[in-house]
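**Student:** Pasting in a structure now, in structure tokens, and then I'll have a few things to ask.
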Amino acid sequence: MNFFAYLRLYKIQLVKTINCFITFLCLGGCSTLLGSSLLDIQIRVRKPFDVVTGLVPSRSIGYMIGGVVAGFLEGKIEPNCAMGFAALFGSIAIGLAPWFTTFNPIYACFLFSGFSSGILDIFCNAYVFNIWGDQVAFYIQILHSSFGLGSLLTPLIARSFLLPSTNESLSDEAIFALYSPDDVKVQYAFMIIAVTLFCISFGYAIFYFIDKSRKQIEVPKEEPDKQKPWKKYLCIGIAGLIANCSFGIQMIVGSLAPAFSVKADIHMTKQTGAALVSVFWICYTFYRYVHIGIAKIFKERKILYCSYLLTIAGALVMIPHAARYSECTWISIILLGIGYSPTFTASLAILQEYFYLSNRLLSVVYFFGTVGESIHPWILTFFMNTKPIAFTYYLGIISVVQVFACFSLNMICDKIFKKEDRRDVSRTGSIRSYAR
């Protein structure tokens, strides 16, 4: 099938998928926007740094609650409706957050923003799986690379709105003497994300009414799974651990790396800290596309083993040298960005080779992911308030755990499943009705 024939055949599915890509672009932006602007928000509310870092777990808590709610709503509510309202709600929350000058309203806005992001995260992943079925591997890689692209672009956008400063080791009182809340301009970076999410919500509304106006199409029955339940549950549990660590790494780098780079002994500027996050997401996003290309030439398992080695190397450079030497900070961030990039989605592709990933199983995996996205930054903020070097140890350790879980999944699948158990994932007729 040539490219243009493919576009004609799947044009509606592709438009819906692109809408999900843009949604994940915004989710990635939300994940790094707070970290890049945290020090300017401190000026806005005129609170000590250890108080302002409480905004990071607020979004994380909301994210986790949203993930739990999405797990209950999945299958009980039309997905376009759920994602449309979540995108609209999230756009309002993230747009209002930086305009307040007191802590509690900003905290509430980030909490609600995280709540909508948790719903969008789980529903978008399940939505793309439902659209493409066994052909989802390519599209799920692009979906998550869209998250990386948003995480990459947002610090660059926010950087132009950050207040300049000449000495990042100044005390809170000295910084407050230099700048007033009215000097802060970073709220315009928030508005860019908010407007984009607002427009995306209308896309889901259009899809909802299009699907509602169509006659119900019979859903093709999926092939029955022959695997024993304990095998599936074991693999889903390991995949959940991988998601937990993977999403946690994303949020730690996006939310806390700029603050770490300023407060640690390396004393980078806020602009350089934002650039550090951008470099991580450049490596993360670019290597995803490289991985898609080289996977057609080399065996994917061998490529993944190289990724595991790069992640381990990044962790070794990170602990503890990244807190003392800026060169080690840059090297470790680059290695982690490249190494960790394809591992989570590749793990889902491995599972799909052996059994059908239903919406409920996917919701379990992504629920563990949203928990990691919430709990890891929340834990780390307690240590970073007094010891910024804790960032290097925590990020390094969680990276090693993620590699161990990925490697274990490969080994266990090879051990408990037979070669003849592998499913044929080359079919094209598995697109389901409600997402057409």
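Keep in mind that glycine also has a Cβ here, set from the backbone N, Cα and C atoms.
Quick paste of what TrEMBL says about this protein:
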TRANSMEM  20-39  transmembrane segment
TRANSMEM  51-73  transmembrane segment
TRANSMEM  80-99  transmembrane segment
TRANSMEM  105-129  transmembrane segment
TRANSMEM  136-158  transmembrane segment
TRANSMEM  188-210  transmembrane segment
TRANSMEM  230-253  transmembrane segment
TRANSMEM  273-291  transmembrane segment
TRANSMEM  303-323  transmembrane segment
TRANSMEM  329-351  transmembrane segment
TRANSMEM  363-384  transmembrane segment
TRANSMEM  390-413  transmembrane segment
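Please go over these features one by one and say how buried each is and what sits next to it.
**Tutor:** Long-range Cβ contacts of the transmembrane segment (20-39) within its own chain (Cβ-Cβ under 8 Å, at least 6 residues beyond either end) map to 49, 52-53, 55-56, 59, 83, 87, 90, 94, 98, 110, 113, 117, 120-121, 124, 127-128, 142-144, 146-155, 158-159, 161-162, 186, 189-190, 193, 196-197, 200, 203, 250-251, 254-259, 262, 270, 273-274, 277, 281.
Sequence-distant neighbours of the transmembrane segment (51-73) (same chain, 6+ residues past either end, Cβ-Cβ under 8 Å): 30, 34-35, 38, 41-42, 45, 82, 86, 103, 106-108, 110-123, 251, 255-256, 259, 363-364, 366-367, 369-371, 373-375, 377-378, 381, 384-385.
Here the transmembrane segment (80-99) has long-range neighbours at 23, 26, 30, 33, 37, 41, 44, 66, 70, 73, 105-106, 109-110, 112-113, 115-117, 119-120, 123-124, 127, 184, 186-187, 190-191, 193-198, 200-205, 207-208, 211, meaning same-chain residues at least 6 beyond its ends whose C-beta is under 8 angstroms from one of its own.
Beyond its flanks by at least six residues, the transmembrane segment (230-253) meets 31, 60, 147, 151, 277, 280, 333, 336, 340, 343-344, 347-348, 351, 354-355, 361, 364-377, 380, 391, 394-395, 398-399, 401-402, 405-406, 408-409, 412-413, 416-417 of its own chain at Cβ-Cβ distances under 8 Å.
Counting residues 6+ beyond its ends, the transmembrane segment (273-291) has Cβ neighbours under 8 Å at 28, 32, 35-36, 141-142, 144-145, 148-149, 151-153, 155-156, 158-159, 162, 253-254, 257-262, 303, 307, 329-330, 333-334, 336-338, 340-342, 346 in the same chain.
Within the chain, the transmembrane segment (303-323) has long-range Cβ neighbours (under 8 A, six or more residues past its boundaries) at 260, 264-266, 291, 294-295, 329, 331-336, 338-343, 346, 388-389, 391-393, 395-397, 399-400, 402-403, 406-407, 410.
Residues 137, 140-141, 144, 148, 235-236, 239, 242-243, 246, 249, 253, 257, 261, 266, 268, 276, 279-285, 287-288, 291, 300, 303-304, 307-315, 317-318, 321-323, 357, 365, 392, 395-396, 399, 402-403, 406, 409-410, 413 of the same chain lie 6+ residues outside the transmembrane segment (329-351) yet bring a C-beta within less than 8 angstroms of a C-beta in it.
Remote same-chain residues near the transmembrane segment (390-413) are listed as 234-235, 238-239, 241-242, 245-246, 248-249, 252-253, 256-257, 260, 264, 301, 304, 308, 311-312, 314-316, 318-323, 332, 336, 340, 343, 346-347, 350-351, 353-354, 376, 379-380, 383-384 (criterion: CB distance under 8 Å, separation of at least six residues from the stretch ends).
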**Student:** Which residues of the chain, 6 or more past the ends of the transmembrane segment (105-129), have a CB below 8 A from one of its CBs?
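**Tutor:** Counting only partners 6 or more residues beyond its ends, the transmembrane segment (105-129) has Cβ contacts under 8 Å with 16-17, 20, 23-24, 27, 30-31, 34, 41, 44-45, 54-55, 58-71, 73-74, 79, 82-83, 86-87, 89-90, 93-94, 96-98, 136, 139-140, 143, 357, 359, 362-363, 366-367, 369-370, 373-374, 435.
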